[in-house]
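One structure below.
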Amino acid sequence: MAAAAVAAVRAWFWNERFWLPHNVTWADLAGEPDGELQYPRASHVLSAFPLALGIFAVRLLFERFIAKPCAINLGIQDSGAHRAQPNAILEKVFTSITKKNCLASFTSYWKSIALLRSAPLLSLAIWGNAFLFLCQVEVTCSSKSIQSVEVRPDKWWDAECWQQSPDGKRLEGLSKQLDWDVRKIQRWFRHRRNQDKPTTITKFCESMWRFTFYLSIFLYGIRFLWTAPWFWDTRQCWYSYPFQPLTSRLYYYYILELAFYWSLMFSQFTDIKRKDFLIMFVHHLATIGLITFSYMNNMVRVGTLVLCLHDASDFLLEAAKLANYAKYQRLCDAFFMLFGVVFIVTRLGIYPFWILNTTLFESWELIGPYPSWWLFNGLLVTLQILHVIWSYLIVRTAYKALVRGKVSKDDRSDVESSSEEEDVTSNSTKGVFSTSSNGSNRINGHVAGGQWTEEE
(Lines of atoms letter the chains of each structure in order from A and count residues from 1; the text may use other names and numbers.)
(Lines give C-alpha, C1' and ligand atoms only; values in the text may rest on other atoms or scores of the structure.)
Protein backbone atom coordinates (compact mmCIF):
# COMPACT_ATOMS: atom_id res chain seq x y z
CA MET A 1 0.00 0.00 0.00
CA ALA A 2 2.75 2.42 0.97
CA ALA A 3 4.80 1.46 -2.08
CA ALA A 4 1.81 2.11 -4.33
CA ALA A 5 1.27 5.52 -2.75
CA VAL A 6 4.95 6.43 -3.26
CA ALA A 7 4.78 5.28 -6.86
CA ALA A 8 1.66 7.37 -7.43
CA VAL A 9 3.32 10.47 -5.97
CA ARG A 10 6.43 9.94 -8.11
CA ALA A 11 4.32 9.49 -11.23
CA TRP A 12 2.41 12.66 -10.42
CA PHE A 13 5.54 14.70 -9.69
CA TRP A 14 7.48 13.51 -12.75
CA ASN A 15 4.55 13.90 -15.10
CA GLU A 16 6.08 14.21 -18.55
CA ARG A 17 3.32 16.47 -19.79
CA PHE A 18 4.31 19.04 -17.19
CA TRP A 19 8.10 18.85 -17.42
CA LEU A 20 8.74 18.20 -21.11
CA PRO A 21 7.57 19.51 -24.50
CA HIS A 22 4.95 17.59 -26.40
CA ASN A 23 5.93 14.17 -27.74
CA VAL A 24 9.03 13.98 -25.52
CA THR A 25 9.40 11.41 -22.73
CA TRP A 26 11.93 10.78 -19.97
CA ALA A 27 13.06 7.69 -21.84
CA ASP A 28 14.11 9.90 -24.75
CA LEU A 29 16.45 11.78 -22.38
CA ALA A 30 18.01 8.68 -20.84
CA GLY A 31 21.19 9.12 -22.89
CA GLU A 32 23.38 6.43 -24.35
CA PRO A 33 24.61 3.44 -22.31
CA ASP A 34 28.27 4.04 -23.25
CA GLY A 35 28.10 7.51 -21.68
CA GLU A 36 29.15 9.43 -24.81
CA LEU A 37 25.82 11.26 -24.97
CA GLN A 38 24.37 12.43 -21.66
CA TYR A 39 21.53 14.72 -20.69
CA PRO A 40 20.86 16.31 -17.28
CA ARG A 41 19.28 13.93 -14.79
CA ALA A 42 17.55 14.61 -11.51
CA SER A 43 20.05 12.36 -9.72
CA HIS A 44 22.90 14.67 -10.75
CA VAL A 45 21.78 17.36 -8.31
CA LEU A 46 22.49 15.01 -5.39
CA SER A 47 26.21 15.48 -6.03
CA ALA A 48 25.78 19.08 -4.92
CA PHE A 49 25.39 18.02 -1.28
CA PRO A 50 28.86 16.54 -0.65
CA LEU A 51 30.32 19.35 -2.76
CA ALA A 52 28.51 21.90 -0.60
CA LEU A 53 30.04 20.39 2.53
CA GLY A 54 33.45 20.58 0.85
CA ILE A 55 32.89 24.25 -0.02
CA PHE A 56 31.88 24.93 3.58
CA ALA A 57 35.08 23.28 4.84
CA VAL A 58 37.20 25.27 2.38
CA ARG A 59 35.49 28.43 3.56
CA LEU A 60 36.39 27.76 7.20
CA LEU A 61 40.03 27.25 6.24
CA PHE A 62 40.00 30.31 3.98
CA GLU A 63 38.57 32.60 6.65
CA ARG A 64 41.02 31.41 9.29
CA PHE A 65 44.28 31.23 7.33
CA ILE A 66 43.77 33.81 4.58
CA ALA A 67 41.00 36.29 5.34
CA LYS A 68 41.80 36.85 9.02
CA PRO A 69 45.52 37.58 8.46
CA CYS A 70 44.53 40.01 5.69
CA ALA A 71 42.14 41.78 8.06
CA ILE A 72 44.82 42.05 10.75
CA ASN A 73 47.31 43.44 8.23
CA LEU A 74 44.74 46.08 7.31
CA GLY A 75 44.50 47.13 10.95
CA ILE A 76 41.07 45.65 11.67
CA GLN A 77 40.92 44.76 15.35
CA ASP A 78 39.50 41.51 16.66
CA SER A 79 37.83 43.11 19.67
CA GLY A 80 34.26 42.59 20.75
CA ALA A 81 31.74 45.01 22.18
CA HIS A 82 31.64 46.10 25.82
CA ARG A 83 30.12 43.28 27.87
CA ALA A 84 27.23 44.01 30.19
CA GLN A 85 27.88 43.37 33.86
CA PRO A 86 26.33 40.08 35.07
CA ASN A 87 22.81 40.54 36.42
CA ALA A 88 20.47 37.56 36.71
CA ILE A 89 17.28 39.62 36.83
CA LEU A 90 18.03 41.70 33.74
CA GLU A 91 19.37 38.67 31.90
CA LYS A 92 16.10 36.84 32.51
CA VAL A 93 14.11 39.83 31.22
CA PHE A 94 16.36 40.15 28.17
CA THR A 95 15.99 36.45 27.32
CA SER A 96 12.21 36.49 27.74
CA ILE A 97 11.80 39.58 25.53
CA THR A 98 14.05 38.12 22.82
CA LYS A 99 12.19 34.79 22.68
CA LYS A 100 8.75 36.39 22.82
CA ASN A 101 9.37 39.00 20.13
CA CYS A 102 11.25 36.73 17.75
CA LEU A 103 8.52 34.09 18.11
CA ALA A 104 5.91 36.74 17.33
CA SER A 105 7.84 37.82 14.23
CA PHE A 106 8.30 34.20 13.18
CA THR A 107 4.57 33.51 13.56
CA SER A 108 3.57 36.66 11.66
CA TYR A 109 5.98 35.82 8.86
CA TRP A 110 4.68 32.32 8.29
CA LYS A 111 1.06 33.45 8.60
CA SER A 112 1.67 35.77 5.66
CA ILE A 113 3.32 32.92 3.79
CA ALA A 114 0.26 30.76 4.49
CA LEU A 115 -1.89 33.28 2.64
CA LEU A 116 0.02 32.32 -0.49
CA ARG A 117 -0.19 28.56 0.05
CA SER A 118 -2.21 28.09 -3.12
CA ALA A 119 0.74 29.38 -5.16
CA PRO A 120 3.35 26.97 -6.59
CA LEU A 121 6.25 26.31 -4.23
CA LEU A 122 8.89 28.05 -6.29
CA SER A 123 6.66 31.04 -6.95
CA LEU A 124 6.01 31.34 -3.23
CA ALA A 125 9.73 31.21 -2.55
CA ILE A 126 10.64 33.87 -5.08
CA TRP A 127 7.92 36.19 -3.75
CA GLY A 128 9.29 35.59 -0.28
CA ASN A 129 12.56 36.97 -1.62
CA ALA A 130 10.83 40.30 -2.15
CA PHE A 131 10.39 40.60 1.62
CA LEU A 132 14.18 40.77 1.84
CA PHE A 133 14.04 44.34 0.64
CA LEU A 134 10.58 45.49 1.64
CA CYS A 135 10.48 44.40 5.29
CA GLN A 136 12.69 46.93 7.02
CA VAL A 137 12.60 49.04 10.14
CA GLU A 138 13.17 52.76 10.24
CA VAL A 139 15.15 53.63 13.36
CA THR A 140 15.95 57.14 14.55
CA CYS A 141 19.03 57.39 16.76
CA SER A 142 20.67 60.01 18.92
CA SER A 143 24.18 59.94 20.29
CA LYS A 144 22.93 58.28 23.47
CA SER A 145 20.09 55.95 22.65
CA ILE A 146 17.52 54.76 20.15
CA GLN A 147 14.86 57.43 20.00
CA SER A 148 12.17 55.65 18.04
CA VAL A 149 11.40 52.63 15.91
CA GLU A 150 8.85 53.35 13.18
CA VAL A 151 7.21 50.35 11.55
CA ARG A 152 5.51 51.06 8.25
CA PRO A 153 2.88 48.59 6.95
CA ASP A 154 5.53 47.00 4.74
CA LYS A 155 8.15 46.88 7.49
CA TRP A 156 6.64 44.65 10.10
CA TRP A 157 9.25 41.93 10.08
CA ASP A 158 12.25 43.21 12.03
CA ALA A 159 11.03 45.78 14.51
CA GLU A 160 10.05 43.72 17.52
CA CYS A 161 12.76 41.11 17.19
CA TRP A 162 15.37 43.85 16.96
CA GLN A 163 13.98 46.00 19.79
CA GLN A 164 15.16 43.79 22.65
CA SER A 165 14.45 46.26 25.46
CA PRO A 166 11.56 46.48 27.93
CA ASP A 167 8.90 49.16 27.62
CA GLY A 168 8.75 52.24 29.85
CA LYS A 169 6.47 50.71 32.48
CA ARG A 170 8.67 47.66 32.86
CA LEU A 171 11.78 49.84 33.02
CA GLU A 172 10.32 51.70 35.96
CA GLY A 173 9.56 48.40 37.74
CA LEU A 174 13.11 47.17 37.19
CA SER A 175 14.46 50.50 38.39
CA LYS A 176 12.66 50.11 41.71
CA GLN A 177 13.56 46.43 42.03
CA LEU A 178 17.28 46.92 41.42
CA ASP A 179 17.58 50.45 42.77
CA TRP A 180 19.09 51.53 39.47
CA ASP A 181 18.08 54.58 37.47
CA VAL A 182 16.28 54.00 34.20
CA ARG A 183 19.18 55.26 32.11
CA LYS A 184 21.55 52.73 33.66
CA ILE A 185 19.13 49.90 32.86
CA GLN A 186 18.77 51.11 29.27
CA ARG A 187 22.56 51.17 28.99
CA TRP A 188 22.74 47.61 30.33
CA PHE A 189 20.28 46.36 27.69
CA ARG A 190 22.21 48.16 24.97
CA HIS A 191 25.49 46.58 26.09
CA ARG A 192 23.83 43.17 26.43
CA ARG A 193 22.46 43.46 22.92
CA ASN A 194 25.80 44.59 21.53
CA GLN A 195 27.85 41.81 23.06
CA ASP A 196 26.12 39.28 20.81
CA LYS A 197 27.01 41.25 17.71
CA PRO A 198 29.82 39.97 15.47
CA THR A 199 33.14 41.80 15.38
CA THR A 200 34.25 43.71 12.32
CA ILE A 201 36.95 41.14 11.61
CA THR A 202 34.33 38.37 11.54
CA LYS A 203 32.25 40.29 9.01
CA PHE A 204 35.38 41.09 6.99
CA CYS A 205 36.30 37.39 6.76
CA GLU A 206 32.78 36.45 5.67
CA SER A 207 32.69 39.15 2.99
CA MET A 208 36.18 38.25 1.76
CA TRP A 209 35.10 34.63 1.28
CA ARG A 210 32.01 35.69 -0.67
CA PHE A 211 34.04 38.17 -2.71
CA THR A 212 36.55 35.45 -3.61
CA PHE A 213 33.90 32.93 -4.60
CA TYR A 214 31.72 35.37 -6.55
CA LEU A 215 34.69 36.72 -8.49
CA SER A 216 36.07 33.23 -9.19
CA ILE A 217 32.76 31.77 -10.36
CA PHE A 218 32.06 34.85 -12.50
CA LEU A 219 35.44 34.57 -14.24
CA TYR A 220 34.91 30.84 -14.75
CA GLY A 221 31.45 31.52 -16.17
CA ILE A 222 32.76 34.14 -18.60
CA ARG A 223 35.57 31.84 -19.73
CA PHE A 224 33.16 28.95 -20.26
CA LEU A 225 30.46 30.97 -22.02
CA TRP A 226 32.94 32.81 -24.25
CA THR A 227 33.27 29.65 -26.37
CA ALA A 228 29.61 28.62 -26.03
CA PRO A 229 27.52 29.31 -29.17
CA TRP A 230 24.45 30.35 -27.16
CA PHE A 231 26.41 33.18 -25.56
CA TRP A 232 26.60 34.90 -28.95
CA ASP A 233 23.29 33.69 -30.35
CA THR A 234 20.60 33.05 -27.73
CA ARG A 235 18.49 31.12 -30.22
CA GLN A 236 21.04 28.34 -29.76
CA CYS A 237 19.48 27.80 -26.33
CA TRP A 238 16.44 26.28 -28.04
CA TYR A 239 17.70 24.56 -31.18
CA SER A 240 17.10 20.79 -30.77
CA TYR A 241 15.70 21.36 -27.27
CA PRO A 242 15.50 19.32 -25.08
CA PHE A 243 17.99 17.05 -26.87
CA GLN A 244 21.02 19.16 -25.97
CA PRO A 245 23.96 17.13 -24.64
CA LEU A 246 25.40 17.96 -21.23
CA THR A 247 29.12 18.78 -21.43
CA SER A 248 31.43 18.30 -18.46
CA ARG A 249 32.22 22.03 -18.20
CA LEU A 250 28.53 22.94 -18.19
CA TYR A 251 27.84 20.28 -15.57
CA TYR A 252 30.61 21.51 -13.25
CA TYR A 253 29.53 25.15 -13.61
CA TYR A 254 25.91 24.38 -12.77
CA ILE A 255 26.57 21.97 -9.92
CA LEU A 256 29.19 24.28 -8.39
CA GLU A 257 26.72 27.15 -8.31
CA LEU A 258 24.07 24.89 -6.79
CA ALA A 259 26.52 23.55 -4.20
CA PHE A 260 27.54 27.06 -3.19
CA TYR A 261 23.96 28.06 -2.42
CA TRP A 262 23.46 24.83 -0.51
CA SER A 263 26.57 25.72 1.50
CA LEU A 264 24.98 29.09 2.26
CA MET A 265 21.94 27.21 3.55
CA PHE A 266 24.19 25.20 5.87
CA SER A 267 26.33 28.12 7.00
CA GLN A 268 23.34 30.39 7.64
CA PHE A 269 22.93 28.66 11.00
CA THR A 270 26.52 29.42 12.00
CA ASP A 271 27.07 32.71 10.20
CA ILE A 272 26.46 36.20 11.55
CA LYS A 273 22.90 36.24 12.87
CA ARG A 274 20.95 38.82 10.91
CA LYS A 275 17.54 40.34 11.32
CA ASP A 276 16.44 38.84 7.98
CA PHE A 277 17.38 35.23 8.80
CA LEU A 278 14.10 33.64 7.69
CA ILE A 279 13.82 35.90 4.66
CA MET A 280 17.31 34.92 3.54
CA PHE A 281 16.35 31.30 4.14
CA VAL A 282 13.49 31.73 1.65
CA HIS A 283 15.83 33.57 -0.70
CA HIS A 284 18.29 30.66 -0.74
CA LEU A 285 15.43 28.22 -1.26
CA ALA A 286 14.25 30.24 -4.25
CA THR A 287 17.72 30.27 -5.80
CA ILE A 288 18.24 26.56 -5.21
CA GLY A 289 14.78 25.86 -6.58
CA LEU A 290 15.38 27.81 -9.79
CA ILE A 291 18.79 26.22 -10.41
CA THR A 292 17.47 22.72 -9.72
CA PHE A 293 14.31 23.25 -11.75
CA SER A 294 16.17 24.52 -14.82
CA TYR A 295 18.71 21.69 -14.59
CA MET A 296 16.12 18.89 -14.43
CA ASN A 297 14.25 20.55 -17.29
CA ASN A 298 17.47 20.79 -19.33
CA MET A 299 17.17 24.56 -19.65
CA VAL A 300 20.81 24.73 -18.61
CA ARG A 301 21.97 26.81 -21.57
CA VAL A 302 19.81 29.78 -20.75
CA GLY A 303 20.39 28.98 -17.07
CA THR A 304 24.12 29.59 -17.44
CA LEU A 305 23.37 33.01 -18.93
CA VAL A 306 21.16 33.89 -15.96
CA LEU A 307 23.78 32.71 -13.45
CA CYS A 308 26.66 34.58 -15.05
CA LEU A 309 24.61 37.74 -15.43
CA HIS A 310 23.74 37.77 -11.72
CA ASP A 311 27.30 37.00 -10.68
CA ALA A 312 28.55 40.08 -12.55
CA SER A 313 27.72 42.53 -9.75
CA ASP A 314 27.82 40.43 -6.56
CA PHE A 315 31.59 40.55 -6.09
CA LEU A 316 31.58 44.36 -6.44
CA LEU A 317 29.13 44.61 -3.54
CA GLU A 318 31.38 42.45 -1.38
CA ALA A 319 34.42 44.51 -2.41
CA ALA A 320 32.65 47.66 -1.22
CA LYS A 321 31.97 46.03 2.13
CA LEU A 322 35.60 44.98 2.49
CA ALA A 323 36.71 48.55 1.82
CA ASN A 324 34.21 49.80 4.37
CA TYR A 325 35.40 47.43 7.10
CA ALA A 326 38.99 48.47 6.38
CA LYS A 327 37.83 52.13 6.62
CA TYR A 328 38.79 53.05 3.07
CA GLN A 329 35.72 55.22 2.57
CA ARG A 330 36.56 56.56 -0.90
CA LEU A 331 37.32 53.08 -2.18
CA CYS A 332 34.08 51.86 -0.62
CA ASP A 333 32.14 54.64 -2.35
CA ALA A 334 33.81 53.89 -5.68
CA PHE A 335 33.06 50.17 -5.50
CA PHE A 336 29.48 50.82 -4.51
CA MET A 337 28.92 53.24 -7.37
CA LEU A 338 30.47 50.73 -9.77
CA PHE A 339 28.26 48.01 -8.29
CA GLY A 340 25.21 50.21 -8.81
CA VAL A 341 26.05 50.88 -12.45
CA VAL A 342 26.77 47.22 -13.23
CA PHE A 343 23.68 46.07 -11.34
CA ILE A 344 21.32 48.42 -13.16
CA VAL A 345 22.86 47.77 -16.58
CA THR A 346 22.72 43.98 -16.17
CA ARG A 347 19.37 43.69 -14.36
CA LEU A 348 17.36 46.43 -16.10
CA GLY A 349 19.09 46.36 -19.47
CA ILE A 350 20.69 43.05 -20.40
CA TYR A 351 18.37 40.79 -18.42
CA PRO A 352 15.01 41.86 -19.92
CA PHE A 353 16.27 42.51 -23.46
CA TRP A 354 18.55 39.47 -23.68
CA ILE A 355 17.39 36.81 -21.21
CA LEU A 356 13.64 37.42 -21.11
CA ASN A 357 13.58 38.03 -24.84
CA THR A 358 14.94 34.55 -25.53
CA THR A 359 12.93 32.71 -22.84
CA LEU A 360 9.63 34.37 -23.74
CA PHE A 361 9.75 35.01 -27.49
CA GLU A 362 12.52 33.01 -29.14
CA SER A 363 11.61 29.85 -27.20
CA TRP A 364 7.92 30.35 -28.04
CA GLU A 365 8.82 30.51 -31.70
CA LEU A 366 11.20 27.52 -31.69
CA ILE A 367 9.70 25.02 -29.18
CA GLY A 368 6.35 26.47 -28.13
CA PRO A 369 4.92 26.72 -24.62
CA TYR A 370 4.17 23.83 -22.25
CA PRO A 371 3.33 23.78 -18.49
CA SER A 372 6.86 23.97 -17.00
CA TRP A 373 7.73 26.60 -19.63
CA TRP A 374 5.03 28.85 -18.17
CA LEU A 375 6.27 28.29 -14.64
CA PHE A 376 9.91 28.92 -15.55
CA ASN A 377 9.11 32.16 -17.35
CA GLY A 378 6.77 33.23 -14.57
CA LEU A 379 9.63 32.95 -12.10
CA LEU A 380 12.00 34.84 -14.40
CA VAL A 381 9.47 37.66 -14.85
CA THR A 382 8.98 37.78 -11.08
CA LEU A 383 12.73 38.07 -10.73
CA GLN A 384 12.65 41.06 -13.07
CA ILE A 385 10.10 42.74 -10.79
CA LEU A 386 12.55 42.26 -7.92
CA HIS A 387 15.31 43.75 -10.06
CA VAL A 388 13.25 46.91 -10.41
CA ILE A 389 12.76 47.10 -6.63
CA TRP A 390 16.45 46.54 -5.93
CA SER A 391 17.51 49.08 -8.54
CA TYR A 392 15.25 51.69 -6.97
CA LEU A 393 16.88 51.07 -3.59
CA ILE A 394 20.36 51.32 -5.09
CA VAL A 395 19.53 54.58 -6.85
CA ARG A 396 18.10 55.94 -3.62
CA THR A 397 21.28 55.01 -1.78
CA ALA A 398 23.43 56.60 -4.49
CA TYR A 399 21.35 59.78 -4.23
CA LYS A 400 21.88 59.88 -0.47
CA ALA A 401 25.59 59.38 -1.08
CA LEU A 402 25.70 62.46 -3.27
CA VAL A 403 23.77 64.48 -0.71
CA ARG A 404 25.63 63.28 2.40
CA GLY A 405 29.03 62.74 0.87
CA LYS A 406 29.33 59.01 1.63
CA VAL A 407 27.67 55.76 0.66
CA SER A 408 24.68 54.61 2.68
CA LYS A 409 24.40 51.20 4.25
CA ASP A 410 23.55 47.92 2.70
CA ASP A 411 20.00 47.44 4.00
CA ARG A 412 20.08 43.64 4.18
CA SER A 413 22.62 43.41 6.93
CA ASP A 414 22.82 42.29 10.49
CA VAL A 415 21.61 44.77 13.10
CA GLU A 416 24.31 46.64 14.95
CA SER A 417 23.97 49.06 17.83
CA SER A 418 25.88 51.88 19.36
CA SER A 419 29.00 51.38 21.41
CA GLU A 420 29.65 52.12 25.04
CA GLU A 421 31.26 55.43 24.18
CA GLU A 422 27.89 56.75 23.03
CA ASP A 423 26.79 56.88 26.63
CA VAL A 424 29.20 59.65 27.46
CA THR A 425 28.85 61.76 24.34
CA SER A 426 26.54 64.71 23.78
CA ASN A 427 22.81 64.26 23.29
CA SER A 428 22.72 65.97 19.92
CA THR A 429 20.95 63.99 17.21
CA LYS A 430 23.18 62.41 14.59
CA GLY A 431 20.29 61.38 12.35
CA VAL A 432 18.94 58.11 11.08
CA PHE A 433 21.42 55.22 10.80
CA SER A 434 24.31 57.24 12.21
CA THR A 435 27.72 55.81 13.04
CA SER A 436 28.92 55.05 16.53
CA SER A 437 32.11 56.42 17.94
CA ASN A 438 34.03 53.20 17.31
CA GLY A 439 33.32 53.49 13.60
CA SER A 440 30.69 50.78 13.34
CA ASN A 441 27.23 51.51 12.08
CA ARG A 442 24.17 50.95 14.20
CA ILE A 443 21.53 49.77 11.81
CA ASN A 444 21.83 48.07 8.49
CA GLY A 445 20.06 46.01 5.92
CA HIS A 446 20.64 45.75 1.61
CA VAL A 447 20.41 49.07 -0.09
CA ALA A 448 18.36 51.74 1.55
CA GLY A 449 19.39 52.96 4.96
CA GLY A 450 22.16 55.13 6.31
CA GLN A 451 25.84 54.05 6.24
CA TRP A 452 27.42 50.82 5.16
CA THR A 453 27.76 47.58 7.04
CA GLU A 454 27.30 43.91 6.38
CA GLU A 455 24.84 41.86 4.44
CA GLU A 456 21.78 39.09 2.72
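Glycine too: its Cβ is placed from the backbone N, Cα and C atoms.
Taken straight from TrEMBL:
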COMPBIAS  429-443  compositional bias 'Polar residues'
DOMAIN    202-403  domain 'TLC'
REGION    411-456  region 'Disordered'
TRANSMEM  211-231  transmembrane segment
TRANSMEM  251-270  transmembrane segment
TRANSMEM  277-296  transmembrane segment
TRANSMEM  335-354  transmembrane segment
TRANSMEM  374-395  transmembrane segment
| Have the transmembrane segment (277-296) and the transmembrane segment (374-395) got at least three CB pairs under 8 Å, pairs 6 or more apart in sequence? | yes
| Closest-packing stretch to the transmembrane segment (251-270), where packing means Cβ pairs under 8 Å, from 211-231, 335-354, 374-395 | 211-231
| Mean pLDDT over the domain 'TLC' (202-403): what is the value? | 91
